[in-house]
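**Student:** Okay, handing you the structure first.
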Amino acid sequence: MSEYIRVTEDENDEPIEIPSEDDGTVLLSTVTAQFPGACGLRYRNPVSQCMRGVRLVEGILHAPDAGWGNLVYVVNYPKDNKRKMDETDASSAVKVKRAVQKTSDLIVLGLPWKTTEQDLKDYFSTFGEVLMVQVKKDLKTGHSKGFGFVRFTEYETQVKVMSQRHMIDGRWCDCKLPNSKQSPDEPLRSRKVFVGRCTEDMTAEELQQFFCQYGEVVDVFIPKPFRAFAFVTFADDKVAQSLCGEDLIIKGISVHISNAEPKHNSNRQLERSGRFGGNPGGFGNQGGFGNSRGGGAGLGNNQGGNMGGGMNFGAFSINPAMMAAAQAALQSSWGMMGMLASQQNQSGPSGNNQSQGSMQREPNQAFGSGNNSYSGSNSGAPLGWGSASNAGSGSGFNGGFGSSMDSKSSGWGM
């Protein structure tokens, strides 16, 4: 007498009841009729909770010792078939995932200022269906920024558009994936290479014919007027990257191949060379307050009264606001300095000083830079400009605006 046993493809699925033969066995053909590709049955032992196989002899499945009972039997498949099925499912899942990620926004660089979004859509519609176009504009003026974005429906259209340059409203434009689409851990790969050391007799056709031996070439561009270089774009970025750094011979001339993408260098902090007592670049002959050797910051009589617009007082930095304040204080101090200088001219001996002809130089007094003096008299309060190695002598104009190599003093001396 036949009975029905419960069979399923997975323990969590709903089972199917299939009939047994009169002798209590089950034909494998009966199982495969419901589960194509099945090669046997297994069940979970109620005692050990382990999976146990059903005995199969010449296409006939024999019941366990206790009979078929109310157990649920799971279908077995050949391992190769199961592996193929799993790979097929995984491949399908990957294809679906890739299909979602394939199309993305492309950036269009080098757009003419007059190009509108409608112009951009009309142009790219010749390649395929366009989902979105956008021309980036300045928020204040409303004028184009010279670039935009486009997205296509089909990935094949996107690849085709990216593989060539585009003449839009009379100007060559590039269309590519934005850098933000690249993974942070993945280097930016370009299909375009820079060909340096070209000669004027090299034509675009000759370059294309030469580089075709490495891979499909989609574009060759030689700037005009001629500037001894060219750009070659391949269909495959791997071909382009493999050529970077190579020196090739074209028409007997050695050319150098490198990446055509702009290099993203970090911002550099430039050192300002015009400092007090420093290098050229300011008002006067040497660009500093004082001469270039003494490191002082006064009115230097060695260099004819140089007055520079430096940025550093030794280790003390000056920003533009502080510099403006210093200039304002300088202008307001000229009157007082002129009056004091007049008093010094009346009391001090005369000499052949190059900065102020009536003043005598003495090596131990300061107004200026280095070891030179401005006044030969000890009368008058020590006020004024500059400091040098002997700025503390107590006569003339000492203290000062600047810094000294020896005394390390700085500020406005009074």
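Cβ coordinates are placed from backbone N, Cα and C, and glycine is handled just like the others.
Copying in the features that Swiss-Prot gives for the protein in this structure:
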{"type": "COMPBIAS", "residues": "261-274", "note": "compositional bias 'Basic and acidic residues'"}
{"type": "COMPBIAS", "residues": "275-301", "note": "compositional bias 'Gly residues'"}
{"type": "COMPBIAS", "residues": "342-358", "note": "compositional bias 'Low complexity'"}
{"type": "COMPBIAS", "residues": "368-392", "note": "compositional bias 'Low complexity'"}
{"type": "COMPBIAS", "residues": "393-402", "note": "compositional bias 'Gly residues'"}
{"type": "CROSSLNK", "residues": "K79", "note": "SUMO2 cross-link"}
{"type": "CROSSLNK", "residues": "K84", "note": "SUMO2 cross-link"}
{"type": "CROSSLNK", "residues": "K95", "note": "SUMO2 cross-link"}
{"type": "CROSSLNK", "residues": "K102", "note": "SUMO2 cross-link"}
{"type": "CROSSLNK", "residues": "K181", "note": "SUMO2 cross-link"}
{"type": "CROSSLNK", "residues": "K263", "note": "SUMO2 cross-link"}
{"type": "DOMAIN", "residues": "104-200", "note": "domain 'RRM 1'"}
{"type": "DOMAIN", "residues": "191-262", "note": "domain 'RRM 2'"}
{"type": "MOD_RES", "residues": "S183", "note": "phosphoserine"}
{"type": "MOD_RES", "residues": "S292", "note": "phosphoserine"}
{"type": "MOD_RES", "residues": "R293", "note": "omega-N-methylarginine"}
{"type": "REGION", "residues": "216-414", "note": "region 'Interaction with UBQLN2'"}
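Please situate the listed features within the shown structure.
**Tutor:** A simple way to gauge crowding: the CB of K79 (SUMO2 cross-link) has 9 other CB atoms within 10 angstroms, across all the protein chains here. According to DSSP, K79 (SUMO2 cross-link) sits within a helical segment.
Assigned with DSSP, the residues of the domain 'RRM 1' (104-200) fall into helix, strand and coil as follows: 19 helix, 35 strand, 43 coil.
Mean per-residue pLDDT, taken over the domain 'RRM 2' (191-262), amounts to 90.
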